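**Q** Here's a structure for you.
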Amino acid sequence: SDEVPKRKRKENEVEQEIEETPQEKKLRLAKLYLEQLREEEDKKVEDEAFESDLIAGRLKEDVLEQKGKLQRPLAGGLVAPDPIEIRLLRGHKLSVTCLCITPDEKHIFSASKDCSIIKWDVGSGKKVHKILGGRKGTEARHVGHTAHILCMAISSDGKYLATGDMNKLIMIWEAATCKHLYKFTGHKDAVSGLAFRRGTHDLYSASHDRSVKVWNVDENAYVETLFGHQDVITALDCLGRERCVTAGGRDRTLRVWKIAEETQLVFHGHEGSIDCVQLINEEHMVSGGDDGCLCVWSVGKKKPVSVVKQAHGVHGNAGLKEPCWVSSVAALHNSDTVASGSHNAMVQLWKCGQGFRGLDPLFTIPVTGFVNSLKFSTSGKFLVAGVGQEHRLGRWWRVKDAKNGLYIIPLKRQNREAETEQ
Amino acid sequence: MPRPSVCLALSTSEKKQTAQKHKPSPESPHEVTFKKSKIKSPVTKRASNVEENGSDDEGDASEMEKNFALLTQKVSLQAPQDEISGGVSDEDVTGERHQAVCSNTSGSDEDENVSKPARGHGVGDELCPKDDFTKDLSEMSFEKVLQLQNKMGTKAYKKIAYGTMKNRQTGETVKQLSKHRPQEISAKKTVPFLRKVVPVKKTILRDPRFDDLSGEFKPEVFNQTYKFINEIRQREAEMVKKKMKKVKSNIKREELKYLLQRMENQERGRQRQEQYRQKDLQFKRKQRELVQQGHRPFYLKKSDKKKLELAEKYSQLKKGGKLENFLSKKRKRNAIKDRRRMPHQKK
C-alpha cells in the first residue's frame, strides 16, 4: 500500500514539472536565490555589525553590478605607499610577461620570457612552485612551455590555471598543485589573451590569428570560434557575463563579443595599436595603446568616454619625441581606480570621474623597467606589477638597470578603516 | 437540419426588418438593400461557425435565432443614426456588429447584447474591430470585399486593412539611438586573410561625356575655351605639307596626301557647321527682335531652311562662275538615277 502513494507522488511531481511554466520556474529560482542570500546574511550577521534590510542591500548590489554602476568609490581615499613598503620578488631570469593573483589573494602566478611559471606566496614572498621552461625543440617530452608565455588566467574559484604561449598552445594546470592537466591546441598563431568567466570554467582565448576561441575546461573541450578582428588580438578580459572584450592591435578597435548571441560590438578610438584592455565593471573598460593614450570606454558608446593622451609622457631624443607606450592597464573591480604602466619608471594611478567621464591622475609609484603586467587584488589591498627589462611582445628597447620580477605595492587608504598591508 | 431553419429565421426576420425599415426611411431603398447584404454576411459566418461547432441541437438553433433577432433589433436602432451620419459610421457599425457576432459565438449573456446598442460608436472599439476586420476580410468573398471597399471608401478601408503610416514608421527612432552606439555585427563571418593596413580609396571612374557634373554642351562656350586647338590643327596641316615636299617614297607621299585631304575636309566641315550655327543664331536674334517689337515670331520649316541654303549656294557659285558646271553635273546624276528607276522594256 505504500508503493501506491509513492507512485502517485512521483506522478504528481512529474506532472508538476511538466506543468511548470517558465514564469513559475523563474519564481522558484528566485525564491531559492533569496533563501541562499538569507542564509549567507545570517552567517555574516554574527561577524559584522547588524544592519537592517541586509537582503535588500545585497539585491541592490547585484543589480548595480549588472548595470555597471560604481559601488566602491575607493580612489579618493588612496594614499601613495612608501617606497620601503614595496616588495620586489625576484626569481625569473628574463622579463616577466604576465601574472595573475589567486582569488583568495594568497598566491601569485607569474610567467616570463624564459618560459617558466612561478607560484609565489604573497605573505612570505617565497616561491612555492616553479614550472621550468623547456628549450625550443623539446615540446614532445617537456612538461611546460617552450616558447614565450604571453598570457595567463586563473578561474574564479582558484581551481584552474591557464597559460598561453607563442607556440599556439594553451596549457591547463591545477592551481593548487601546479600539475599539468590539459593542452589545448587549435589556434593558428600565438595565444595572446586568456580569461576565465567568473563563476564558471569557461575559458576564452584570443590569439594572433585574429580569432577568439571558447573552451570548456571541465570537459576538456573546444566550444566555438569567433571572428571579426582585422589585426592581431593583443589582450582579452572577461567578467561574470557571457561576453568578453578584446583589443585588436593595429586595427584600432575594441570588440565586445556577445557569445550567446554570436555578435560583436565594435568600438573605435585609438590612433595607434591597442595593447591592453581591462574591464572595470560590466559596462566600462579601460584600454591603453602604443600612442600613449589611455581610454575609458562605455559599452553604450562607440567612442571612448574619456581619453588621456600621453599618459606616461614622451621619450626619445630632442625633436624625435614619441609618447611612451602604455604597456599594461589594471582596474580595481567595480570601483573608480585605474592603474597604468609603461617604461617611464613609474606606475600611474588614476581616478575616474563621475560616470567615468574623466580621468584624473592620483599618484605615481616608482618602478624601473617595462611594466608588462598590472593586477589589482580583488579587495584592493595591493597592486602587483610584473616588470622586465624588455617589452613583453618584443625587444625594441632594453632597460639595463631594471630588475626582472614582481613588485607588490600595498595600497593604503586614508579612511578610518584598518590599514592592512600584505 | 439546422441550416434550413436558420434560413427560415432569416427570411422571417428580414421581412420584419424590412417592414420596420419602411416606416422610418421610405426614400432610401438602396440603403435597405445594403443593410440586407450586411445582414447576410454575419449570417454566413454564423452558418460556418455552426458547421465548425458541429452541434445539431435544436436548442442551439433557437438560441441563435434569439441572438439574431437581437442583432436585427440593434440594426434597426442604428438605422436612423446611419442615415444621419452617412457612410462614415458604417465601419463602426459593421465593427460593432462583428464584435457582437464574435461575442455571440463565444456564448455571452443576452444582457451584454442588450447593453451593446447603448454604447456609442467606436468607443474603445478601435483595436477589436480592426482585428475582427482583418479576420473577416480574409473570410469574406472577394465580391463582398469590393462592396465593402466601395461603401467605406478606399482611404478608410486601407487605413483599417493595412494600418496608418504612423504605426508603420518606427525605423527612424531606432536609427537615432544607434548613431552613437557601437556597431553590432555577426561574430561568425571569417575575416579575409589580407589585412587592411592602409585605407585604400576606390577610384570612381567618370566619363565626362555622360557625367552630369560636366554640364550641358554649349557650342559657343566650347569654341571659346578650346580655340587653341584650331591653331594646333593649322600648324599640323602645315607640317604635313612640308613633309610631303620632303618625302621621297611614293607610298608615303600618297599616305600624306590622303592625310592632308582628310584634315582639309574636316576643317571645311567645321567651318560649314560654324556658318550654319551663325545663321541660326541670326535668325533667332531677328525673331527675338520681332517679338520685342510686338510681332508674333515665326519658325521656318526644315524644307524652307533647305531652300534658303540652296539659294545661297547658287548665289555663291554664280559669283565664282561655277554654276553651270555644278548644274550640269547634277542633271547628269539625276538622269542616271531616273533611268535606273524606269521600268525595263523587253525587246
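FYI, residue positions are counted from 1 along the chain as it appears here.
Note: Cβ is positioned from N, Cα and C throughout, glycine not excepted.
Per TrEMBL, the feature region 'Disordered' maps to B:1-130, B:264-297, B:321-347. Under the heading compositional bias 'Basic and acidic residues', TrEMBL lists B:24-34, B:264-283. According to TrEMBL, the compositional bias 'Acidic residues' annotation covers B:53-62. Summarising the annotation, TrEMBL assigns compositional bias 'Basic residues' to B:328-347.
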**Q** List, by number or range, the same-chain residues at least 6 past the compositional bias 'Basic and acidic residues' (B:264-283) whose CB is under 8 A from its CB atoms?
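**A** Contacts with the compositional bias 'Basic and acidic residues' (B:264-283): 219, 223, 233, 237, 300.
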**Q** DSSP on the region 'Disordered' (B:264-297): how many residues come out helix, how many strand, how many coil?
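**A** Reading the DSSP string over the region 'Disordered' (B:264-297) gives 30 helix, 0 strand, 4 coil.
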**Q** May I have the DSSP-based helix, strand and coil counts for the residues of the region 'Disordered' (B:321-347)?
**A** 19 helix, 0 strand, 8 coil
